[in-house]
Each structure stands twice: as C-alpha cells, then as structure tokens.
C-alpha cells in the first residue's frame with residue numbers, strides 16, 4: 001500500500017489498586033498480538049494502553065499506606081510498565097489519567113457537555129461499591145441486609161463487594177436522550193459489539209429496560225479531576241477513564257494530529273465485565289461530542305481457575321512473572337492465546353499449561369526444528385538446497401497444506417480468533433513432522449540416485465519452518481527469531497505480506513548445531529512448582545506493611561472477677577474485617593484492618609494465626625472488638641484494640657462474629 005492504512009487498537013486502562021495477574025495480562029497480550037500482526041501486514045499501527053489512577057479506592061488505599069495518592073499511583077504505574085516490558089508489549093503510548101494533558105482535556109469535555117445540556121446538576125442516592133466504583137439500585141444488589149423492621153441497611157454488589165448508602169449532590173449525564181440512537185447504531189453496525197452474545201446482553205439487560213441518567217461527578221472524595229466551574233466536584237470514572245482513548249491522541253489539545261489520523265479506533269478490547277461501559281456509556285458520550293464511534297468493541301472472556309476466579313484468599317493467583325522466569329516469555333504468550341478461545345471463558349490449570357509446553361512446543365515444534373537443522377547439516381553440509389516442487393510424492397501435499405494454512409490463519413487473525421490461527425500453524429507443523437516420516441530422508445541418503453528427492457525434502461522442511469516462524473511472529477516475540485537464526489535467515493526480511501510457500505532465499509547456510517528452543521519438562525515437577533508459587537501468592541504480594549522482625553509476646557489477664565464499674569469502661573463495637581494477613585516473622589500474629597464506624601480504618605494485631613491458616617477468608621466478616629483499649633506497639637506497628645475470640649476446652653480459638661446486618665460501629669451492651 002502506497003500510504004499505509006492506519007490501525008488503532010486499545011486495551012482498557014487498568015486500575016492500579018493491586019498487582020496485575022495473568023488474567024489482567026491476557027487482554028494486553030491479545031492486543032499486542034493483534035498490533036504486531038497488523039504491523040507485519042503493513043499497517044500504520046497505534047497501540048494504546050495505560051492506567052486509570054483516580055477514585056475513592058485509590059484515595060483510601062493511599063491513606064492506609066500513609067502516602068499521597070500521587071505517590072501511590074506513581075509506584076503502581078511504574079510496576080505496570082515494568083510488567084509490560086517483561087511481557088514485551090509493543091505499545092505506542094502509555095497513558096496515565098493523572099497526566100496533565102488528559103486532565104485538561106477531560107475538563108474541557110465535561111464543560112462542553114454541560115453547556116449543551118447533556119449534563120445537569122442533581123442529587124444522587126444509591127448503594128455504592130468502592131471496590132467496583134459503581135452505584136447500584138436495591139434490585140441490582142446480589143445480597144441485601146435488612147434491619148428488624150425490614151429496612152435495607154446494606155448489601156453486596158454483584159461482584160460480592162460490600163456497598164454503602166451514598167447520598168450526595170452530583171452532575172448527571174442524560175443517557176436516556178441517546179438510547180434510541182444507540183439501538184439504531186447497533187442495528188446498522190452489527191460488527192460493533194463482538195462476540196454477538198455481548199450485544200444481546202446489552203440490549204436485553206440494560207437498554208430495553210430503560211437507561212437511567214448517569215452520575216458523572218462525586219463530592220465524597222477529592223482524588224480526581226476537579227470541575228473548573230464547581231471544584232468541590234471531581235469528574236467520576238465514566239468521563240475521566242473512558243475519555244483516555246481520545247485524549248491520548250491529543251483530542252482537546254492544541255495538537256490533535258494523532259486524533260485526526262487514528263480515530264475512530266479499529267478495535268477496543270475489554271474484559272466482558274466492562275463491556276457495558278464501553279458499548280453504552282462510551283458511545284453515548286461520543287455521540288454527544290459529535291465524534292465517530294469505534295469500529296469494534298470486543299469483550300473477551302475471563303481466565304478462570306478450577307475453583308472460579310483468581311483470588312488471593314483462595315491461594316490460586318498466577319502472576320505472569322513467575323511463569324516467564326521459569327518457562328520463558330513465549331511459553332506464556334503461546335499458552336494464553338492458544339488454550340483459550342478468545343471471547344469465551346477459559347480455565348488455567350498447571351497441568352494443562354505444562355502439557356501444552358511439552359506436546360506443542362517441545363515435541364511438535366522443537367523436534368521439527370532440531371531434526372531439520374541436523375539433517376541439513378548431515379546430508380547437505382549445512383547448505384539449504386534450491387527449491388524444486390513435486391520431486392517426491394508428498395511435496396505437493398505439504399505445499400498445499402501450507403497454502404491453506406496461510407489463508408485460514410489470516411482469516412482467523414482478522415476475526416481475533418487467536419487460538420484458531422495458532423491451531424492452523426500447528427496443522428503445518430504436524431504435517432511437516434508427518435512428511436519426515438513419509439519421505440524417510442535417512443533412507444534416501446543411502447541411494448545416490450535419490451539425491452534430488454533428499455534435497456527436495458530438506459528444502460520443503462526448511463520452507464515449512466520459515467512459514468511457521470513468520471506466522472508465529474505476532475504470538476511469540478522471541479522464538480521466531482531463534483528459528484530464523486538457525487535457518488540462516490535475516491528476520492528483518494521475513495515479512496508477512498504476500499507470503500507464499502516456495503520462496504526460501506537461495507545460498508543460505510543453517511547453523512552448524514541447532515539449539516533446542518523448548519526443553520522437555522517433567523510434568524509432575526513443574527505442576528508442583530506452579531502450585532507452590534500459587535499458594536505463596538498472598539504472602540508474595542504483602543505490600544502494605546513492612547513488619548519489624550522483633551518478636552512480640554501477647555499478655556493475657558488471669559483475673560476471674562472484675563468490678564461492674566471496670567466492665568462499664570469497656571467499649572465493645574461491631575467491626576467489619578476489610579483486610580487480614582499474616583505478620584511476617586511472627587507465626588502467631590494476624591494483622592487486621594477494620595471498619596468500626598470511625599472516620600478511618602483501624603489496625604488490630606491478634607495472636608490467632610495458627611487457627612486461621614487462610615487469613616483472607618476472614619475478610620467481610622463482622623467481628624466484636626474492644627474499641628477503647630489503649631493502643632500498644634507490636635512488631636513496630638500500633639494495635640488499636642482487641643478482637644474477641646472464644647476458646648474451646650481443647651484450646652482452639654474462634655473469632656466471635658456479630659450478625660451481618662449490624663452496621664459497622666454498632667455498640668454492644
């Protein structure tokens with residue numbers, strides 16, 4: 001193409017409230033594969049990723065760590081960028097919503113929507129989840145808590161996170177104004193939401209029941225972009241975070257040349273849990289701004305474990321670094337894109353991961369390369385013979401297989417069916433391995449009159465590997481180069497455009513001794529290793545508190561009787577466990593973070609660790625605390641109270657739990 005066609009692809013921007021696991025990395029790797037594919041096809045690609053850094057959750061997290069929100073997000077953003085470097089993510093820009101240019105553009109967008117009447121000032125009352133950064137109506141709650149009179153006093157969001165009743169002044173976006181126009185757009189652009197099932201979900205669950213106007217500002221926290229004309233309000237996540245896809249290109253700035261060049265996005269890739277925000281809120285916002293909508297929003301499935309979603313409390317979190325360090329980057333990228341049909345949920349198991357590395361990479365691909373390099377060295381002095389077709393009875397079948405694979409591969413990649421595209425590559429790998437057995441070059445080498453056939457087998461195998469390596473380039477960032485190197489080829493000349501079987505360069509010498517690119521693994525050993533790493537995932541990510549290694553002795557009273565006046569001084573309260581984890585260097589201590597109805601969370605250390613091997617299982621429970629106990633220093637930390645436990649005759653301790661419906665801070669008489 002004389003002037004390159006543009007291709008703009010985006011990941012969602014990640015919320016940096018914790019360490020990213022392979023489920024988070026899945027989206028980014030898939031986007032990276034698509035970006036690399038399009039570059040290899042000659043497109044002018046712009047690949048955007050980044051982090052969403054504002055909100056109440058970040059503000060609270062920073063306060064708990066005794067740092068400013070900006071200090072906290074600076075550290076987390078650096079960690080995300082470090083991970084993307086580890087995963088060799090070829091993004092063109094990394095946006096942070098704390099970037100000055102983004103904040104200025106968001107203020108401009110908000111003001112415009114107010115001026116044209118799409119945003120108005122009102123008052124909001126609803127159930128809010130800090131973890132989800134989302135409001136819910138009572139009917140949307142997965143679980144509802146009621147008092148004795150039947151009044152709703154709390155509950156849980158569909159995600160399982162606790163909600164709290166929030167009433168505050170807020171600016172609202174007139175979603176309902178654009179509902180009919182959005183439905184019409186869906187009908188006229190059936191490719192807009194992929195897979196198709198996601199579109200039906202949006203229509204039936206959200207649009208047809210009636211779109212409610214959306215709260216787009218908050219006053220109950222300050223860590224956000226302030227409104228220029230009403231600074232007590234900060235812009236809420238919908239306009240702040242979603243706008244990044246255009247502000248990153250310069251929309252709202254003096255230089256919007258990138259926006260003019262790349263917008264609308266070709267693909268916006270998101271997890272299925274945020275499809276609603278990207279296919280309802282986002283397109284309506286763009287309609288209000290008179291901007292074209294992205295061409296496609298693809299909502300992929302989740303990467304699950306056998307026992308459901310990844311969770312530190314379950315000890316089943318897999319972090320990409322631990323797999324890359326032991327098995328290499330390409331092993332992880334290959335597995336994530338091959339094992340899971342993109343768009344559907346997939347299940348990660350250590351057994352499946354290790355088995356695929358063995359069978360697909362070590363056995364199929366690795367052996368094909370090793371055998372080919374060894375035979376070319378042995379039978380042709382390392383020089384790849386010139387290409388000749390139809391010399392053996394099996395040549396045509398192999399070249400036809402390659403041609404079919406190339407066509408089906410491109411078709412699958414354009415649809416983002418990554419697992420299908422990779423499966424097509426392995427069709428050629430398998431056929432080439434079978435070709436070796438069919439032609440038996442070790443037999444041909446014994447007869448001089450079979451020399452032409454032997455050389456034909458060698459070039460057909462080398463050419464098959466060249467095709468395989470070219471097609472693998474979007475998926476694996478290191479392995480194709482290793483294959484090219486062993487084949488004696490220049491990676492810079494191995495383009496994907498107009499690739500055909502039979503174009504292997506002349507006068508090429510392979511490496512004198514091939515190196516295995518994927519060693520075979522001992523399955524049982526590696527499964528045990530991964531499981532151990534998963535079980536350590538909680539302690540490995542304790543980032544909140546640096547514990548003093550000095551031992552602490554807990555003192556308990558032995559008195560049987562006290563005066564009533566003494567007891568009357570004790571203030572017992574209901575508190576909710578917000579976080580709970582073991583104290584490093586102390587086998588007996590657990591560190592609790594509790595909401596006891598105070599302005600800030602309180603910290604209590606308790607010597608019950610041996611009775612709760614999975615501390616995270618206590619999160620969300622309502623416990624009873626001594627709230628007015630004089631703070632004491634333990635392990636270099638302040639313990640602000642005591643958690644009540646019951647002791648069995650055998651000496652086993654169990655936390656005393658309060659009724660779930662009791663509000664945090666309720667007194668106990």
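For all residues, glycine too, the Cβ spot is worked out from N, Cα and C.
These numbers come from a predicted model, not from an experiment.
For residue 161 (Zn(2+) binding site), the number of other Cβ atoms no farther than 10 Å from its own Cβ, over all displayed protein chains, is 14. If you look up Swiss-Prot, you'll see 161 marked as Zn(2+) binding site.
Among the features that Swiss-Prot reports, ATP binding site is placed at 312.
Averaged over the domain 'tRNA-binding' (566-669), the predicted model has a pLDDT of 87. According to Swiss-Prot, the domain 'tRNA-binding' annotation covers 566-669.
Residues or ranges marked as motif ''HIGH' region' by Swiss-Prot: 14-24.
For 309-313, the entry in Swiss-Prot reads motif ''KMSKS' region'.
Panel annotation: around the motif ''HIGH' region' (14-24), residues 49-53, 55, 57-58, 61, 73, 76-77, 79-80, 83, 133, 302-303, 309-310, 317-320, 323, 332, 336, 348, 541, 543 of the same chain, lying at least six beyond its termini, place a Cβ under 8 Å from a Cβ of the stretch. Here the motif ''HIGH' region' (14-24) is broken down by DSSP into helix, strand and coil counts: 3 helix, 1 strand, 7 coil. DSSP labels the residues of the domain 'tRNA-binding' (566-669) in these numbers: 10 helix, 44 strand, 50 coil.
DSSP assigns residue 161 (Zn(2+) binding site) to coil, not to a helix or a strand.
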